[in-house]
Amino acid sequence: MILKHHLVLTLCAVYGILLKVTAQKSKLRGSSGQHPLVQNQTVTEGRTAIMTCRVEYNDQTSLQWSNPTQQTLFFGNKKALRDNRIELVRASWSELTISISEITLADEGMYTCSLFTMPVKTAKAYLTVLGVPEKPEIDGLTKPALEGDEITLTCMTHGSKPAANLRWFRNEKEIKGAKEVNASGKTFTVTSSLQLLVDRDDDGAAYTCKVDHVSLLQTPQQTTEVLEVHYAPRALITQSLTFPQEGQYLKLECVSKGNPSPDPVLWTKDGGELPDLERMIVQGRELTFSALNKTDNGTYRCVASNHLGTSSAEYILYVYDPNAMGQRGPDHALIGGVVAVVVFVTLCLIIFLGRYLARHKGTYLTNEAKGADDAPDADTAIINAEGNTHAEGKKEYFI
């Protein structure tokens with residue numbers, strides 16, 4: 001009987017320990033495992049948001065998703081709100097996942113996942129909606145612009161959230177503009193302006209306004225406008241020969257750049273018309289001589305004009321005698337000989353000047369030494385030395 005009594009007491013003690021362990025595990029599960037877990041979400045306007053609520057340990061308690069206005073979206077696998085954009089992705093005792101398609105800015109806010117225990121436990125996830133900026137528009141471009149005009153280009157984009165950044169490019173090289181941001185409800189309107197002093201180099205330049213935004217990582221928005229500038233022409237004459245000779249073919253071209261193009265150009269000789277149109281042929285901007293002779297010598301002028309101005313250029317033609325030229329260019333041997341003579345004369349002058357200075361310096365030192373014995377200073381020594389020199393009739397030279 002005593003042994004049986006001890007056995008009963010032991011079993012009771014073990015059972016009590018098991019109950020305590022079970023209670024502690026249940027308490028731990030209730031405090032940590034039975035709590036909904038969610039994450040904040042960021043989605044671009046027009047796309048789909050996925051909202052997930054999980055529970056590690058659930059004793060068959062229902063989960064529920066609610067929107068920012070506390071309307072129930074799904075209770076377990078039961079849809080509560082009539083919105084065709086909201087669909088069930090997965091429903092179980094440990095997870096409730098829903099999707100919201102075609103997201104708008106109105107969908108942004110705090111969403112709540114509820115676990116219906118006693119008491120009810122909740123977790124909140126914030127849904128951030130990115131507003132997509134519209135394609136930028138460039139205003140202020142006048143076509144055509146005139147050289148010297150001051151114009152202001154303005155680039156604007158609407159609907160960004162957060163505010164977009166605008167960048168300017170001139171022929172793919174970035175330039176800085178002045179930015180301005182204005183709020184419009186939940187979105188922003190961003191403006192950037194660019195001031196230009198129009199130059200002829202701007203003709204044909206492409207000015208691009210590009211939108212940078214977190215919602216446009218793969219599809220950047222940009223707009224490009226090409227600037228057309230009208231300007232007066234500038235004329236310049238080029239020649240095909242450096243030393244034109246009798247009998248040779250010569251082409252003069254009037255290079256005149258202007259917008260509108262200054263065509264045609266006018267050629268004259270010595271202020272008058274071209275004298276020999278059989279040999280002097282004008283084609284567009286070119287003046288050609290089929291065979292030069294001495295009568296072609298003179299000043300040739302081309303005049304280019306458009307509605308903005310006139311420009312002219314001159315070329316003095318001198319036709320060389322091929323016999324006098326010897327069919328060769330400048331005499332390089334003669335030039336080399338002249339340079340050699342100049343160098344030789346310069347060296348002789350340097351040597352002569354050096355010998356002269358050295359001789360006079362030696363005379364000064366010798367005379368000072370001669371009079372230094374009885375003189376109180378250097379000046380007196382030189383005077384004494386000059387007297388001694390006349391007396392003795394002797395001179396010393398250092399060469």
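Note that Cβ sites are derived from N, Cα and C of the backbone, with glycine treated the same way.
Positions annotated as domain 'Ig-like' by TrEMBL: 36-128 (among others).
Residue counts for the domain 'Ig-like' (136-225) by DSSP state, with H, G and I taken as helix and E and B as strand, are 6 helix, 56 strand, 28 coil. According to TrEMBL, the feature domain 'Ig-like' maps to 136-225 (among others).
The average pLDDT the prediction assigns to the domain 'Ig-like' (233-318) is 92. What TrEMBL lists as domain 'Ig-like' is 233-318 (among others).
If you look up TrEMBL, you'll see 1-23 marked as signal peptide.
The transmembrane segment feature in TrEMBL is assigned to 333-353.
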Helix-strand-coil residue split for the domain 'Ig-like' (36-128), DSSP-based: 3 helix, 48 strand, 42 coil
